[in-house]
């Protein structure tokens with residue numbers, strides 16, 4: 001039987017089982033766990049498009065029509081990186097969703113084909129490229145619409161949060177307050193080739209004004225200290241969420257005016273809640289908001305300005321906080337408020353808590369102390385830093401926060417030749433976990449059959465920093481594209497340009513607007529004149545930290561109020577600030 005060298009095979013068809021590759025300029029090494037293209041029985045039946053290649057009439061392209069099962073688009077030889085596993089496979093898309101993951105080809109001439117390529121099938125060649133689900137940023141201040149282009153260009157395809165533009169309230173808090181503002185933002189969402197969902201304002205001691213926001217289409221409610229995150233407001237807001245199957249996002253009381261972290265935990269009363277700013281400097285009860293990392297009903301997340309901890313982190317934060325929260329440096333109390341939130345000890349602990357899987361999600365806090373285009377980049381910088389400082393990460397024992405794991409990957413994860421488990425843990429922080437937390441995992445968050453085809457392609461050398469292609473609902477929405485007047489697509493200047501999926505009526509068919517079940521049932525789509533596909537959030541109120549994939553660790557947390565030292569299960573958490581990081585200047589010379 002004819003053979004081919006492993007390197008030559010990888011260069012032609014992409015890596016296969018046992019092959020390893022480096023993620024950009026990080027120290028993270030990925031290993032392929034399984035190869036679904038081998039369902040044909042052996043190597044040699046791979047599909048590939050091009051002159052003299054196999055996807056031709058009568059070869060790997062069948063005669064099947066769409067009605068006979070041919071897919072709309074096939075992604076060939078993709079290296080799928082997902083929290084559930086790292087596998088090589090072909091991906092078939094139909095009707096804007098992932099229809100199949102497996103072996104593509106012509107069932108009349110090939111064995112094991114579960115994705116039919118027909119005359120009506122488009123091909124996206126993924127040989128040598130990494131494929132991930134589109135990222136989810138669940139902490140968006142909708143301050144300006146230009147954020148959306150930057151987020152999409154970074155690989156984020158779903159943005160959840162609140163705001164109305166550069167209003168003073170939105171500059172500080174992620175709330176779209178009231179039915180009128182919610183309606184306007186849902187109408188604006190029709191213009192953008194990303195999935196959007198809006199949080200109403202949850203700060204109220206009576207339920208009426210909160211119910212009307214959910215009825216208007218808000219996917220949940222945001223409690224922010226700048227509006228008064230009192231125990232009464234927290235409890236009332238959660239009462240409404242329980243009644244409407246929506247999420248509550250909490251930015252708790254930094255000043256401890258209306259209570260301490262213990263009072264907030266008591267007000268939550270064991271109900272599920274998204275704890276935004278469960279972190280070292282972003283806000284919430286000072287200095288011990290990290291206590292909630294050990295609570296089973298709190299779903300903790302970080303924003304990216306403190307991630308990872310570097311020697312520049314502390315210096316930039318005071319001025320940044322003063323601007324974002326409408327503070328005055330000439331007022332001593334305002335300055336003290338700002339300085340109380342910025343603690344190097346808790347910032348350092350935040351990195352380690354992410355590596356332990358104790359903080360479950362990453363987000364941006366866009367233009368309100370966070371950078372909307374750097375969620376993915378900073379997640380992988382943190383993973384790299386933690387490998388440098390803490391070494392190889394072993395998977396936890398069964399039942400200790402391991403989350404999902406493909407059968408193929410269970411053995412590979414324990415091999416010190418690769419960082420597969422750490423990769424899955426960090427990937428889950430901005431894909432499947434925010435999807436689960438906000439009730440949208442039935443639509444997005446992973447590469448899985450039936451889900452919306454929000455897919456990002458990466459060349460390994462640019463992984464995490466500059467995607468090659470971004471698909472929304474099965475259609476290319478954004479791409480790194482060369483000079484449109486050139487004779488081929490690659491000449492300089494190459495930069496991100498909107499593609500056909502980002503224009504006209506295609507936006508409405510390829511992107512989702514998330515709304516409440518109450519809003520969908522009330523017919524807000526027709527009433528507001530919305531064009532986008534609407535999808536209701538669901539299954540939220542039973543979600544607990546145990547449901548956070550690869551990030552469900554519940555340590556006993558201790559934070560010293562005087563020294564700010566952080567301990568998890570008795571272990572002191574501290575690390576040095578980074579002085580140099582990957583995915584940085586090397587990628588942004590031009």
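Glycine too: its Cβ is placed from the backbone N, Cα and C atoms.
Taken from Swiss-Prot, the feature domain 'Urease' applies to 134-590. Residues annotated as Ni(2+) 1 binding site in Swiss-Prot: 139, 141, 222, 365. Marked as active site, proton donor by Swiss-Prot on the basis of sequence analysis: 325. Positions annotated as region 'Disordered' by Swiss-Prot: 388-416. The compositional bias 'Low complexity' annotation in Swiss-Prot covers 393-411.
Fewest Cβ neighbours within 10 Å among the binding-site residues 139, 141, 222: this applies to 141. Cβ atoms within 8 Å of the centroid of the Cβ atoms of 139, 141, 222, 365 (the Ni(2+) 1 site) belong to the same-chain residues 140, 161, 162, 173, 174, 249, 251, 276, 303, 363, 364, 366, 368, 370, site residues excluded. Averaged over the domain 'Urease' (134-590), the predicted model has a pLDDT of 94.
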